[in-house]
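According to Swiss-Prot, the protein has these features:
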type	residues	note
BINDING	38, 39, 40, 41, 42, 70, 109, 138	4-amino-2-methyl-5-(diphosphooxymethyl)pyrimidine binding site
BINDING	71, 90	Mg(2+) binding site
């Protein structure tokens with residue numbers, strides 16, 4: 001059985017980084033303490049995605065980290081990923097739950113209390129909540145207010161991961177007390193020292 005207990009630091013990959021470089025960066029993040037990796041690859045061919053996902057899954061296995069695939073359930077199944085992460089425009093959660101193995105982890109991006117309740121009811125294991133800050137990784141991201149974050153926290157019985165423009169320096173007490181962890185792209189992958197940046201995040205998240 002896969003351990004679905006939440007982990008605090010969650011890396012989402014950046015498809016704009018050449019894959020060999022991304023693999024090295026991901027390894028550094030795992031050494032630093034990242035415990036979930038989500039493979040996100042927009043506009044890539046399925047064959048290429050399967051190849052890359054397989055390599056990342058192998059790397060995650062070496063570190064005992066969970067490996068999830070964004071959106072593409074077919075790719076997740078092909079490489080025996082630990083689960084998937086789906087957005088509001090992707091497959092319905094209950095359908096994903098029917099297709100994926102019984103112990104698969106299913107994460108869902110939500111933007112308000114109603115979406116959170118629906119995802120939980122349909123079988124989500126964790127929620128990505130945001131965007132908490134402006135981000136270059138998603139052009140159409142709408143910022144979430146602290147009030148909305150608190151509303152989601154009040155109805156959720158599963159882990160919440162903050163997403164969107166998160167750095168070690170903008171995670172204040174009000175935000176942290178409503179999250180179980182954070183999902184990060186740029187703040188880790190664009191860092192000069194990914195390993196140390198991961199540890200910096202974990203230090204803040206552990207307070």
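A Cβ is built for glycine as well, from the same backbone N, Cα and C atoms used for every other residue.
Reported as a whole number, the C-alpha separation between residue 42 (4-amino-2-methyl-5-(diphosphooxymethyl)pyrimidine binding site) and residue 90 (Mg(2+) binding site) equals 13 Å.
Here the binding-site residues are 40, 42, and the one with the most other Cβ atoms within 10 Å of its Cβ is 40. Residue 41 (4-amino-2-methyl-5-(diphosphooxymethyl)pyrimidine binding site) sits 9 Å from residue 71 (Mg(2+) binding site), taking the CA atoms of both as reference points. Counting only same-chain residues at least 6 apart in sequence, those with a Cβ under 8 Å from the Cβ of residue 109 (4-amino-2-methyl-5-(diphosphooxymethyl)pyrimidine binding site) are 85, 86, 87, 88, 127, 128, 129, 130, 163. Distance from the CA of residue 90 (Mg(2+) binding site) to the CA of residue 70 (4-amino-2-methyl-5-(diphosphooxymethyl)pyrimidine binding site) is 10 Å. Around residue 38 (4-amino-2-methyl-5-(diphosphooxymethyl)pyrimidine binding site), the same-chain residues at least 6 positions away in sequence with a Cβ under 8 Å from its Cβ are 10, 11, 12, 13, 68, 69, 70, 85, 107, 183. A separation of roughly 9 Å, to the nearest angstrom, links the Cα atoms of residue 39 (4-amino-2-methyl-5-(diphosphooxymethyl)pyrimidine binding site) and residue 71 (Mg(2+) binding site). Within 10 Å of the C-beta of residue 71 (Mg(2+) binding site) there are 20 other C-beta atoms, taking all protein chains into account. DSSP assigns residue 109 (4-amino-2-methyl-5-(diphosphooxymethyl)pyrimidine binding site) to a strand segment in the three-state reduction.
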